[in-house]
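To start, the structure itself, in structure tokens.
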Amino acid sequence: MTNLTAVSVFLLRGFSAVPELQLLSTATLLLIYLAAILGNITIVAAVTHDARLHTPMYFFLKHLSLVDICSVSTTLPRALVATPLGSGEISLCACASQLFAFVCLGSTECFLITSMAFDRCLAIYRPLVYRAAMSPETCVSLVSAAWGSGLVFSAFHTANTFSLPFCGPNVIDHFFCDIPPLMRLACANADDHEAAGFVVSGCVIMSCFGLTVLSYVRILATVFQIHSAAGRWKAFSTCSSHLATVLLFYGTGSSAYMQPSSSYSPMQGRVAAVFYSVLTPALNPLIYSLRNKDVKGALQKLYPRGPF
């Protein structure tokens, strides 16, 4: 019997199925990529060098920026180089590695965002015990748990996807190796693999989302108990940036991964991927710096002549 796992090289279609739009989309995404890298490196540098930002909230933010730097660098550079050269070849091992890294970083970001919600909830709901509860050891443990969980989650999805046989066609209708377009290329019936991935992803994502929602329910209940409007606004403003990140992360990511592959559209998949893998890392630094006086002060120290 012929070995079905015959494909050793995949071809990534790129940012657009329309050749005329490839160059324009490449140039646009290159600018966004540079903005994402510069913005997140700036956040990491500001949090590292400003003693006022050595708090649990900014500790998590620094790691979120590190994850965003790695995540956007996992997918975009190869695609940006391959598109103008007209060569989107990627080996099976490189494709599996890219998928593993991307899923690991995305799930780690999910766990970090949940930890940040818990941090904000504790800071508002239990301010008297906040410093003791969110000790440096606790913060390191939460970040370590986020990375560890991300590795386990990614290992499952990579094994679940690449245990399927690929015998052709080998053209991935995407600009990087992602689960839905790969599932569509499998030679065997992928229903069981898809169901297993959906169940695991649903449990993890809904658990993180549920904990985040519960944290914000507690935050809102506490805020509404504050009598003065100024006090309510001051309390809620400490988590407004994180809330924007939550909405951006879950709003873009769920549209891509919480649907069956039978209803997957390559065009919608690419558009959704641009939002959750490119725009989200680029927008996070802006979200956390535009209305945050502490971050603005740290940025002014880094860039004395900057527009902050």
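Just so it is clear, glycine is given a Cβ too, placed from its N, Cα and C backbone atoms.
Please treat TrEMBL annotations as automatic predictions, because they have not gone through curation.
What TrEMBL lists as domain 'G-protein coupled receptors family 1 profile' is 39-288. TrEMBL lists 27-47, 59-79, 99-118, 139-156, 198-221, 233-251, 271-290 with the feature transmembrane segment.
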The transmembrane segment (99-118): which same-chain residues, six or more beyond its ends, come within Cβ distance under 8 Å?
57, 60-61, 63-64, 67-68, 70-71, 74-75, 142-143, 145-147, 149-151, 153-155, 157-158, 161-162, 176-179, 182, 204-205, 208, 211-212, 215-216, 239, 242, 245-246, 249, 253, 276-277
List, by number or range, the same-chain residues at least 6 past the transmembrane segment (139-156) whose CB is under 8 A from its CB atoms?
56, 59-60, 63, 100-101, 103-108, 111-112, 115, 118, 200, 204
Which whole number is the mean pLDDT over the domain 'G-protein coupled receptors family 1 profile' (39-288)?
87
